[in-house]
Amino acid sequence: MAVSRVLSLLATVASMALVIQETHFAAGADMGSCYDGVGRAQRCLPEFENAAFGRRAEASHTCGRPPEDFCPHVGAPGAGLQCQRCDDADPGRRHDASYLTDFHSPDDSTWWQSPSMAFGVQYPTSVNLTLSLGKAYEITYVRLKFHTSRPESFAIYKRTYASGPWEPYQYYSASCQKTYGRPEGHYLRPGEDERVAFCTSEFSDISPLNGGNVAFSTLEGRPSAYNFEESPVLQEWVTSTDILISLDRLNTFGDDIFKDPRVLQSYYYAVSDFSVGGRCKCNGHASECEPNAAGQLACRCQHNTTGVDCERCLPFFQDRPWARGTAEDANECLPCNCSGHSEECTFDRELYRSTGHGGHCQRCRDHTTGPHCERCEKNYYRWSPKTPCQPCDCHPAGSLSLQCDNSGVCPCKPTVTGWKCDRCLPGFHSLSEGGCRPCACNVAGSLGTCDPRSGNCPCKENVEGSLCDRCRPGTFNLQPHNPVGCSSCFCYGHSKVCSPAAGFQEHHIRSDFRHGAGGWQIRSMGVSKRPLQWSQSGLLLGLRGGEELSAPKKFLGDQRLSYGQPVILTLQVPPGGSPPPIQLRLEGAGLALSLRPSSLPSPQDTRQPRRVQLQFLLQETSEEAESPLPTFHFQRLLSNLTALSIWTSGQGPGHSGQVLLCEVQLTSAWPQRELAPPASWVETCLCPQGYTGQFCEFCALGYKREIPHGGPYANCIPCTCNQHGTCDPNTGICLCGHHTEGPSCERCMPGFYGNAFSGRADDCQPCPCPGQSACATIPESGDVVCTHCPPGQRGRRCESCEDGFFGDPLGLSGAPQPCRRCQCSGNVDLNAVGNCDPHSGHCLRCLYNTTGAHCEHCREGFYGSAVATRPVDKCAPCSCDLRGSVSEKTCNPVTGQCVCLPYVSGRDCSRCSPGFYDLQSGRGCQSCKCHPLGSLENKCHPKTGQCPCRPGVTGQACDRCQLGFFGFSIKGCRDCRCSPLGAASSQCHENSTCVCRPGFVGYKCDRCQDNFFLADGDTGCQECPTCYALVKEEAAKLKARLMLMEGWLQRSDCGSPWGPLDILQGEAPLGDVYQGHHLLQETRGTFLQQMVGLEDSVKATWEQLQVLRGHVHCAQAGAQKTCIQLAELEETLQSSEEEVLRAASALSFLASLQKGSSTPTNWSHLASEAQILARSHRDTATKIEATSERALLASNASYELLKLMEGRVASEAQQELEDRYQEVQAAQTALGIAVAEALPKAEKALATVKQVIGDAAPHLGLLVTPEAMNFQARGLSWKVKALEQKLEQKEPEVGQSVGALQVEAGRALEKMEPFMQLRNKTTAAFTRASSAVQAAKVTVIGAETLLADLEGMKLRSPLPKEQAALKKKAGSIRTRLLEDTKRKTKQAERMLGNAASLSSSTKKKSKEAELMSKDNAKLSRALLREGKQGYRHASRLASQTQATLRRASRLLLTSEAHKQELEEAKQVTSGLSTVERQIRESRISLEKDTKVLSELLVKLGSLGVHQAPAQTLNETQRALESLRLQLDSHGALHHKLRQLEEESARQELQIQSFEDDLAEIRADKHNLETILSSLPENCAS
């Protein structure tokens, strides 16, 4: 049943909508187009649509906020509930209002749901659903589809317009009266108000439980529904902008009364679809709606309508009232008819009623008016309706009415004329309300009638006034015949005010030629003069032309009174003729002018000659003038007329006959003499001040010509004599008095001063200057200043010397001294001021890097001749090398020699001294330390320090032999010449013997050992077969025999061992030197005596110094420097002592070599034994034939060879002795060099101590009285005295400190003595051990050599008996040799054992020394830190001292004591800067000692002003000296400093290179800019 009712209701709604649509549209009308096919307007409507689709609906209550459970009904009551959950935060469980108007699908339904009854949703609590349509719609139906059962009561409301009240549309309720107070089933009768909402219970049943529909038709039950277009009430009824669904009561089964939560959760509102059918309301004037510019939905209006709903006409379409479009009539808005003169109109209902056109035009243009702008405004007209309206423009004063006729002509008053009545009739002027007034112009000054508008008369050039009745300023004498009306005032240009002069009458200057030419002369072109042709009738004018008649003197001169008057020429012309062309020429005052006649007479046909007159007006306004002149210049020409001539150009071809000049008349004036017409053109001037005379031609009394002798045209100016005399009016020269002079008496005479312009007799007073010379007065103060002081003097009273001079000319500071020129050696700018002191003459602005009282010295940092004539020869910068100099800008001012660091030479300290190398910044150079024996000279490479070595010598100091060389001596080292095949190494022993490989023997390892032979291919020595063992045994026996023979030889008295020997050929070792021994012994003894003497001298000097130090009392005044010198000398002697010890060590090494060479070795004994053996062989030679002969021959050969060797060895010994002597001399030279090296150090240390003591003197006073800096310079001398007293008090403390320092130094030397002795002992032991080893090696080698020789003799002796004898002797010799070798070897072992013990002792002592050195290093670092702090403190004191000395120097320039203090302060700054640089360079390596530095800072911070500053300074000095010694050592710090200095030097060189490059670039840039500026403008681009 319910489904059938819903379907029937939907059918009813559909049929009703169809009826409405058919009612809205006529048959065949196109609903979507507003115009038909021919362009006629027709009703149009937007498409029918679901206005709710896609629009956002709002619900007052929605489930899921918070989440809740709901249990929908799925069957009959009592069936089980299947509960679900509504959660707005979960999209899958959300049921908000957006699901009301979305796309509705029965298969996948979405719905909006309210909270359940469990949350209080039940009557009287309502749930509202609101839908905003965005604009007015014409609603056809409203449809709701419920997801649950339909409510028991709900209502539909609507708004007719936005923000309007809610109006009920329909009520649905099973209790209409109870719930809404409305009867159920109400219906309307025709004529009743159809805007009534009905209430029905048709859709209030609980079934169906889901999917129930409710459809509401807006026109159902409305009687006028079928006449909708004629019913405004129903049109308003269906119009809605918003729809509201109010859900008021739920349908239940009645089980809710038990309040079961599960039951309550089953009752709620749920709507799955909310549809609103209708059209966008456009009143039949639009076919579509779209968003406007504001984003609001609006109709796209047609039919000249506008508005959101097309509810009104456009502004200019108001010709009929707006109406809704119907099927019969589209009711298009029509435009207003404004005749094209307006675009604005309004609807005028009264006009529409009377005329049928309601458009009333507004703001008509083009001067139109009327409802349709159809006529002209008042006082406008137009020729025809198509032409625009034009203003009448009738003159309000001249017209009778402002309205004109259709042609635009205005009605005029009398005396007024014109199209617009805007001008006066001729002879009238000044149009006004009363008409026009008649003109009254002056005839003499006007040129015609007056201006009809203003009434002003047209005046002549020099006339003014509305009636032209007065002359302009600067003119006078108004005359009718004057073309300009009035004549200009002349007055010689001094006045513009003049008037006619009284007492003058008219006068004529005339020539009538009755009695002759009257002084006239004629001149033709190219001819100076010619005779005149005169007759009683006149002068005959030439017919050829180019003739000029010159007037006599009476016409010339001052003719100013003829200005403006005519010159009349009377001519007699032939019958019927006319006068020829004639011009009047005027000359004067350097000007010239030609005039033509003002009028020419017309020719007359007469048969008699007739007279005619030609008139020339003497006025600049004459139109006939050629090259007219200004007024003033014209009158100036007349004032000095020098020529008046008549120039004829000849008669033309039409002229014939004679022309006679009958009369010439010039009108002028002169003073009144008789009755005659007055000459009103003569002026009298009103002269300004300073002028007088009728024409202002004279200067008044007290005035003069501005230009002397300038004449009347020159201006007059007051006499400028300043009341000290009078002046001539023409020259202006003053006759001065009162001691004044000048053209205007404007100045006092020389020797007088004052203000001559005051005009009093005592203006000028005598000058108070030397010799009453000239002076002047300062205007501001009135002081008198002398202006012509004697040469070299200046000042107000010449009391001081001129710039560049000095002296005291007036004796203001003592006896007068004349001013003398300052002598600045030509080193000042003569154009500058303040070059020297005006009192002392000391130069103040020295140029060219000079200084001194007379600029006679070079400034610090420069050197040269300050008095040289050329600037280029003057002082040049020191340019000291930063690496080798103490300061970059400190050098000898004359020679330029820089103050070099130790062992640095060169003018700029750029290279090391000979014997030194490695120039480093702040340190200087270090000694080459070239070995005196191994080097050629005590010079080395300046960078690497490599010494020039002797042959075979190597090492940086040339202190060792090269590999493969031996015998280090004065000649170098000799080549070992070891056999490359047999020697194990190319290096040999000091005795030249080589180390042999197995199987090789010999000094040079150049032969095979016994029982060995040289293998094939020279690959080495191989052992012989076993058969040669017998030979070896025999050789052993021979060696034993030789040993016996040696013992026998040593026991017997064989005489001198130096006799000739018969030995085998071989090379003697180095130690086998046996001749010249006594010479070497004597030389060595002498040298040792000299060294002992030198040592005694040093000790004696030291004792004398100790005694001298004991006698000198350092506490006495002035002895401080002496003590410092002694301390420095002590250090120098200590350094010298060290050098002597090093030299003694070297000499001991030489002595050991000499000892080894002075005593005969075992080889000598062997040689003696070989000689005895040879003699024995010679005695038995007769018994052994062949063998003896061969042995004898071998012995003799050996003897001869020995003799040769004897001579060579002797010569070598002598040469080596000389070499040793040279070595001694070289050692002595090296000792001298060492002393020379130590001397600069001592001098530098002495200078440093002096400087520190000198620096401390001014600082001690500041340390005790730090507040002294606050006093003025007046008490500086007292402070100096106080400082001297303090210095005297502190000097004993300084002396004690120095003594303590000396004691410490002595103790340090005493501590070093055991180490020195230990070193000497170690060196001696090492030398003895080395000598012993070498001697043993030589002995063994000698024995082996002798054995080899004897075995060779055996090979050459084949007889068995001889071999046996030789073998026996050789065996004895060998035995003796072996015993001796063992003995020498044991002795060497004992010596080496002692050396080992000494070496261990030395090592132990060395460790102790190392520990002590570390302690000393720590102490040195601590002292260094104290020195740094002291240096900083001293720096502050130095800066304070400098400031004080600078103030004192400025205030007391003449104080020599203060100047000396200033120089000392500068020396302090220089010394401290050096120390600062040294400390800064050492800072990196001393960073680990910060702890001790902190302790020292605390100590110094607690130091008060009453503590002994001298002790602190002495400690600082010791620390600095310790630092210097540490830097001089060759440790890691020295290495690092050297690396840093080298890197700094490289960087400085690179920076200097960059600066040089930059300077070159700047110079090139400057040159290019100069070239560019010198180029022409066209080339520069």
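All residue numbers here begin at 1 and follow the chain in the order shown.
For all residues, glycine too, the Cβ spot is worked out from N, Cα and C.
Here is what Swiss-Prot says about this protein:
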- Cys280-Cys289: disulfide bond (DISULFID)
- Cys282-Cys299: disulfide bond (DISULFID)
- Cys301-Cys310: disulfide bond (DISULFID)
- Cys313-Cys333: disulfide bond (DISULFID)
- 336-391: domain 'Laminin EGF-like 2' (DOMAIN)
- Cys338-Cys361: disulfide bond (DISULFID)
- Cys376-Cys389: disulfide bond (DISULFID)
- Cys721-Cys734: disulfide bond (DISULFID)
- Cys748-Cys764: disulfide bond (DISULFID)
- 767-821: domain 'Laminin EGF-like 7' (DOMAIN)
- Cys769-Cys786: disulfide bond (DISULFID)
- Cys801-Cys819: disulfide bond (DISULFID)
- Cys878-Cys891: disulfide bond (DISULFID)
- 976-1024: domain 'Laminin EGF-like 11' (DOMAIN)
- Cys978-Cys994: disulfide bond (DISULFID)
- 1029-1046: coiled coil (COILED)
- 1112-1153: coiled coil (COILED)
- 1208-1231: coiled coil (COILED)
- 1438-1468: coiled coil (COILED)
- 1510-1575: coiled coil (COILED)
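Projection of Swiss-Prot feature records onto the structure.
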{"residue": "Cys289", "record": "disulfide bond", "Cβ contacts under 8 Å, 6 or more apart": "Pro46, Lys135, Cys280, Cys282, Leu297, Ala298, Cys299, Arg300"}
{"residue": "Cys313", "record": "disulfide bond", "Cβ contacts under 8 Å, 6 or more apart": "Asn304, Thr305, Thr306, Trp322, Cys333, Phe347"}
{"residue": "Cys389", "record": "disulfide bond", "Cβ contacts under 8 Å, 6 or more apart": "Asp366, His367, Thr368, Cys376, Glu377, Tyr380, Tyr381, Arg382"}
{"residue": "Cys734", "record": "disulfide bond", "Cβ contacts under 8 Å, 6 or more apart": "Cys719, Thr720, Cys721, His724, Gly725, Thr726, Cys727, Gly742, Pro743, Ser744, Cys745"}
{"residue": "Cys764", "record": "disulfide bond", "Cβ contacts under 8 Å, 6 or more apart": "His738, His739, Thr740, Cys748, Met749, Phe752, Tyr753, Gly754, Ala756"}
{"residue": "Cys786", "record": "disulfide bond", "Cβ contacts under 8 Å, 6 or more apart": "Cys767, Cys769, Pro770, Ser773, Ala774, Cys775, Gly795, Arg796, Arg797, Cys798"}
{"residue": "Cys801", "record": "disulfide bond", "Cβ contacts under 8 Å, 6 or more apart": "Gly792, Gln793, Arg794, Gly807, Asp808, Pro809, Cys819, Arg820, Pro838"}
{"residue": "Cys978", "record": "disulfide bond", "Cβ contacts under 8 Å, 6 or more apart": "Gly964, Ser985, Ser986, Gln987, Cys988, Cys994, Val995, Lys1004, Cys1005"}
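A count of other CB atoms within 10 A of each Cβ picks out Cys282 as the most crowded of the disulfide-bonded residues Cys282, Cys333. Summed and averaged per residue, pLDDT over the coiled coil (1510-1575) gives 65. Between the CA atoms of Cys338 (disulfide bond) and Cys301 (disulfide bond) there is a gap of 24 Å.
If you check the disulfide-bonded residues Cys301, Cys310, Cys361 against Cys878 (disulfide bond), none has a Cα inside 10 Å of its Cα. DSSP labels the residues of the domain 'Laminin EGF-like 2' (336-391) in these numbers: 7 helix, 16 strand, 33 coil.
Ranking the disulfide-bonded residues Cys301, Cys310, Cys361 by the distance of their Cα atoms from the Cα of Cys891 (disulfide bond) places Cys301 first. The two recorded residues Cys361 (disulfide bond) and Cys310 (disulfide bond) have their Cα atoms spaced 23 Å from each other.
For the disulfide-bonded residues given as Cys280, Cys301, Cys878, the lowest number of other CB atoms within 10 Å of the residue's CB is seen at Cys301. Sorting each residue of the domain 'Laminin EGF-like 11' (976-1024) by its DSSP state yields 0 helix, 19 strand, 30 coil.
Packing around Cys748 (disulfide bond) is summarised by its Cβ count: 26 other Cβ atoms lie within 10 angstroms of its Cβ, all protein chains included. Under DSSP, Cys299 (disulfide bond) is assigned to a strand (E or B) in the three-state scheme. Listed disulfide-bonded residues: Cys338, Cys376, Cys769; maximum Cβ neighbour count within 10 Å falls on Cys338. According to DSSP, Cys721 (disulfide bond) is assigned to coil rather than to any helix or strand. Look at the domain 'Laminin EGF-like 7' (767-821): DSSP puts its residues at 3 helix, 19 strand, 33 coil. Its Cβ placed at the centre, Cys310 (disulfide bond) has 26 other Cβ atoms within 10 Å.
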